[in-house]
Amino acid sequence: MREKTLAQTGQLRALVREAAEKLFEAGIEEAHLDARLLLEYAAGITVQDYMMDPFQVLPEEKVRAYHEAVEKRAARIPLQHITGQQEFMGYPFRVNEHVLIPRQDTETLVECALEKLEPEMEVLDLCTGSGCIAASLYLIGKKQGKVFPDRCFDAADISAEALDTARENCRALGAQVRLIHSDLFERIEGSYDMIVSNPPYIRRGVIEGLQEEVRLHDPYIALDGHEDGLYFYRRIADEAGRHLKRGGWVLLEVGHDQSKDVSRFLAEAGFTCIQGKKDLAGLDRVVMGMYNK
Ligand code: GLN
């Protein structure tokens, strides 16, 4: 009989190495990191546990669970769909195929919104998806004393399934957010001090070329900004004024080359625009406009 390989004996280090190789061959850049994170998810072994004793042997059923998770990842299913969660602004958000996986770039939008947030403000998040923007803005705002305890933010999405996910997230995290089933402003009645949004903004021609995890697993409607990627910004710029108080703010995340166009749409609709903070790559990712018509 052939001797078992170290990975077959369930030794952690060998298992992780084998998994990382498999993921690397599948074209995954962060193969080693993903191999360790999947170990935490499938076998409850945290990165610290692993470092403390990389030679420990994993029981067979955990090895099986780990292999299953690694197989999924090798098939280019996003890590977050396997583990069911993504951290955003320090909070764990549940994610699934109905919502865009929250991106780190979007944290820049929340940081800009936090700078403008004041206790009495009425806030609306459009295209809320997982609810990550509305919930984290509410929770951090509250911690910073910028949200009165009786406040409830509003958040809208066209997808009922996304709203279910957002609802689950807001409930689990204790964020008071009223969720509204609406195509942008269609069913919005309130008048706000701040409207935030990270709408779909990818140009149609570009979606085909995106990496498989995004192209096949993020919802198409969460990516699709129509032909030139700017469809939702035009609509938001046209309609936001009707739902903002005088002096109210619109804060939008934009694609890396869209800030000029979006600022122009807002300026034409009566907003005074400023650039928000740059994202981690140093790009203009947030356009902020104050309504002063
Ligand atoms: N607002 C959500 C997010 O930032 C969803 C965005 C979208 O679906 N385009 O994650």
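Placed from the backbone N, Cα and C atoms, the Cβ positions cover glycine too.
What TrEMBL says about this protein:
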BINDING   Asp157, Asn198  S-adenosyl-L-methionine binding site
BINDING   Asn198, Pro199, Pro200, Tyr201  substrate binding site
DOMAIN    15-84  domain 'Release factor glutamine methyltransferase N-terminal'
DOMAIN    107-202  domain 'Methyltransferase small'
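Excluding Asn198, Pro199, Pro200, Tyr201, which define the substrate site, the same chain contributes Cys127, Ser197, Ala222, Gly225, Phe232, Glu253 within 8 Å (Cβ to the Cβ centroid), listed in sequence order. Contact annotation for binding-site residues (Asp157, Asn198, Tyr201) versus ligand 1: Asn198, each with CB under 6 Å from a ligand atom. Taking a C-beta cut-off of under 8 Å and a sequence gap of six or more, Asn198 (S-adenosyl-L-methionine binding site) has these contacts in its own chain: Thr106, Leu109, Cys127, Gly129, Ile133, Leu252, Glu253. The two recorded residues, Pro199 (substrate binding site) and Asp157 (S-adenosyl-L-methionine binding site), show a Cα separation of 10 Å. Across the binding-site residues listed here (Asp157, Pro199, Pro200, Tyr201), the residue whose Cβ sits among the most other Cβ atoms within 10 Å is Asp157. Classification of Pro200 (substrate binding site) by DSSP places it in coil, neither helical nor stranded.
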